[in-house]
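Engineer: Got a structure for you, written out below as structure tokens; questions coming shortly.
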Amino acid sequence: MMRSIGPQELYYLRMQRTREKTDKMEKSKAMRKLRVCVATCNRADYSKLAPIMFGIKANPDEFELEVVVLGSHLIDDYGNTFRMIEQDDFDIGSKLHTIVRGEDEAAMVESVGLALVKLPDVLHRLRPDVLVVHGDRFDALALATAAALMNIRILHLEGGEVSGTIDDSIRHAISKLAHYHACCTRTAEQHLIAMCEDHTRILLAGCPSYDKLLAAHHRDDYMDIIRNWLGDNVKEHDYIVALQHPVTTDIKNSVKIYELMLDALISFNKRTLVLFPNIDAGSKEMVRVMRKKGVEQHPNFRAVKHVPFEQFIQLVCHAGAMIGNSSCGVREAGAFGTPVINLGSRQTGRETGENVLHVRDADTQNKIYHALELQFGKRYPCSKIYGDGNAVPRIMKFLQAIDLDEPLQKTFCFPPIREWDISQDIDHILETQGALAIDLGGTNLRVAIVSMRGKIVKKYSQGNPKTYEARIELILKMCAEAVFDAVHLNCRILGVGVSTGGRVNPQEGVILHSTKLIQEWSSIDIRTPISDALHLPVWVDNDGNCAALAEKKFGHGKGVENFVTIITGTGIGGGIIQHNELIHGSTFCAAELGHIMVSLDGPECMCGSRGCIEAYASGMALQKEAKRLHDEELLEVEGMVDLKKAESVGAIHLINAARLGNSKAGAVLRTAGMALGVGIVNILHVVNPSLVILSGVLAAHYQAPVQQVIGQRALTSAQRIQVLTSDLEEPALLGAASMVLDYTTRRIY
């Protein structure tokens, strides 16, 4: 018989099991090494990463080091600097050629893309626990992006700092992707906290390169290093180190500053070590300027692609001055008290010591020359803003403290939101998203605010002016009024859609050939003036195509893969949806359905041809026949309104006369219905849609005769295709809006 366990014994048993479980977890953690991958992209970041790599390598019981090399390390023009990593006795696990040459903005983007293509395989193979990324280079952004998407923890070095150019944006983007931060200054730490980063995951470590430079800059052989790079006759504090990089957001100006700097240095007549710029966009132009000036052949200059960091420290430490825009000037040079002339905006916002003289508006050679006169040969107190020489031990302890059992998903520490702010969020949620739709008809110009669900929130209408200038002016005026009203209607306009008669190039937003009803409206770029005025994206298409798009999004065509829409109004037009896409044709005249010929010798059409559907069945064709019958006194029948009182005779009078038994009017309508029906049969035999939608004011009058002609004249397999009349009241406006709304929901247009 089993003895029952009392509550007190059960408590102690549970406590014992909990301790055993905890001990087991701690033992497991102690046995497991932290796999750290350090990725280096260029000579500059290696100088910061190398001390950490040595620190990891010195602790083999706790860490397992993997090294990935990419970027300009592997380019001959930049010194093949991966060799110095090998000379430091590090095993390089992967070498990734990720630089697309070109040294312009596009090449930088392509290099990021190439790195993102290659990195997943490497990271999947190495499976690091932590990836160490440095700084603000585009290569580092690719590394951080790949690691974040592959659920690898990221330690970011030197986050939170502020400088000029695109580097700021890249640095902060990497900080948002990173899980842990090792920053260099108290200000940088506060910036990271202000960016909502978790303060428990931020280490104020100092710059790792300071560990090396503060320990090694007092070398006995420094003069040998100086003479090796600058010649035998050079003296300590009697030479200049020049290092200028392109500013990617203002390449033209940065190249100009580089040229002025070289001119000033040539005039200053001191021995100068010029390092080649980095691989950023604009570097090719800077090298071109350097060679144009003959710097590589000039007796006072030594132009080099790379100097090992330990030797570079000695050269900067004992220089009479350093000039350019390298971060080394505002960071490392301060540790030695070396005078620095900082040119341009690249380091704007950096914390600097008193050794730095800024020439932010470096627009003349004389200004740079005067700065050299002020700084050259001075010595300043040593600054330790960026470190005290103990960064690596702090980072090692920080890495050891990483708990891999903690959730990988990082959390942000947002400041509390005041109560009155909540309503703003609710208003945004309840805000109606919509489009601005423009319909350019032969008579009227209409603008509407259309919601995402196809509701016309507000509509505006004016007569369509006869001249181009007046028409554009009115369009912009009406659109501006609609945009203003949209704010008060709590509707956010996502873009503008334009529906117009004639042939349109929707890719360029250009009206190629207009109908005769709209004057001065051919070869018109309608997209640019509207987009420039409203600062919104603009789509343009033919009114028939817009009607088809309206049916596809809001009408009978919703969910139908293949259908045809035919507009029966003043003219005849339409659009064809095939495999869920609108057909434009090679010269944008597909679906000119009104100009399908149904007779070789029919009435003349406005297009110049004869026998078109439009010449038989359009509102203008019916009006023409109505006037003919009226002039021959054959239109009026008993029960009709006295036509003498009517302002003009139109298609509606012809339809009413036929309904009241006028045989002549009935014959005209039968011919029109037959012509339209035969044209639609031709369409059925060419594109074989599953549905035909009749739209416009005459649609209801044509549905029955068209269906009858299809039953009589179409091939057997096409006779059952259904003809429906549209339920949409404003197909042109809704179609114009759908171009915008389909884009915002990422559907194909």
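Cβ coordinates come from backbone N, Cα and C, glycine included.
So TrEMBL lists the following for this protein:
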{"type": "DOMAIN", "residues": "61-399", "note": "domain 'UDP-N-acetylglucosamine 2-epimerase'"}
{"type": "ACT_SITE", "residues": "ASP543", "note": "active site"}
{"type": "BINDING", "residues": "HIS595, CYS605, CYS607, CYS612", "note": "Zn(2+) binding site"}
Engineer: Determine the Cβ neighbour count for ASP543 (active site): the number of other Cβ atoms within 10 Å of its Cβ.
Structural biologist: 26
Engineer: Between the Cα atoms of CYS605 (Zn(2+) binding site) and the residue listed as 'active site', find the distance and write it as a whole number of Å.
Structural biologist: 19
Engineer: Sequence gap of 6 or more, Cβ distance under 8 Å: name the residues on the same chain that satisfy this around HIS595 (Zn(2+) binding site), in order along the sequence.
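Structural biologist: Once residues fewer than 6 apart are set aside, HIS595 (Zn(2+) binding site) is near CYS605, CYS607, SER609, CYS612, ILE613, GLU614.
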Engineer: Among the binding-site residues CYS605, CYS607, CYS612, point out the residue whose Cβ has the most other Cβ atoms within 10 Å, with all shown protein chains included in the count.
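Structural biologist: Of the binding-site residues CYS605, CYS607, CYS612, the highest Cβ count within 10 Å belongs to CYS612.
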Engineer: Around the recorded Zn(2+) site, report the further residues of that chain (criterion: Cβ within 8 Å of the mean position of the Cβ atoms of HIS595, CYS605, CYS607, CYS612; site residues excluded), sequence-ordered.
Structural biologist: GLY594, MET597, MET606, GLY608, SER609, ILE613, GLU614, ALA615
